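Take a look at the structure below.
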Amino acid sequence: MRCPFCGHPDTQVKDSRPAEDGNAIRRRRQCPSCAARFTTFERVQLRELTVMKKSGRRVPFDREKLNRSIQLAMQKRNIEPDRIDQMISGIVRRLESTGETDVTSDRVGELVMEGLKNLDAVAYVRYASVYKDFHKVEDFREFITDEALTAHFGPREDDDG
């Protein structure tokens, strides 16, 4: 594998171990030219996925883009990185296992919402605020109430209960 730092065409594997509950292999590599170390992951890819955007555009599915959007919602949340990786792997497996190569951006968003709801309520609401395009505070209130998340955030001040 080419070194991402100096471009040397061959790197050495220093350590290799299972990751993501055995669904991936994590490899630590070192470049013999510049001595830089980096990590790679090897995963099974059942099929090439294409995401159909709301605009009609079709783009290749990008696991890293999915990871970045979830990491943004998880910012400053005390969640183990392995749990996030497991959630992402689960989403990808579900998308690949449908047998379809085309998936809608809505379907990807729904799966992320489902995963975050089970993982962290604050991250769930953060992601929803972008995915569902919240524009005002009332949008948050309605979403939290509609999604029965009051147990996570407490009752509204104007509730009579």
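Backbone N, Cα and C atoms are what each Cβ position is placed from, and that goes for glycine too.
Listed in Swiss-Prot:
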- 11-23: compositional bias 'Basic and acidic residues' (COMPBIAS)
- 49-139: domain 'ATP-cone' (DOMAIN)
- 1-23: region 'Disordered' (REGION)
- 3-34: zinc finger (ZN_FING)
Long-range Cβ neighbours of the region 'Disordered' (1-23) (under 8 Å; 6 or more residues past either end): 29-34, 36-38, 40-41, 43-44, 82, 85-86, 89, 93
PLDDT averaged over every residue in the zinc finger (3-34): 91
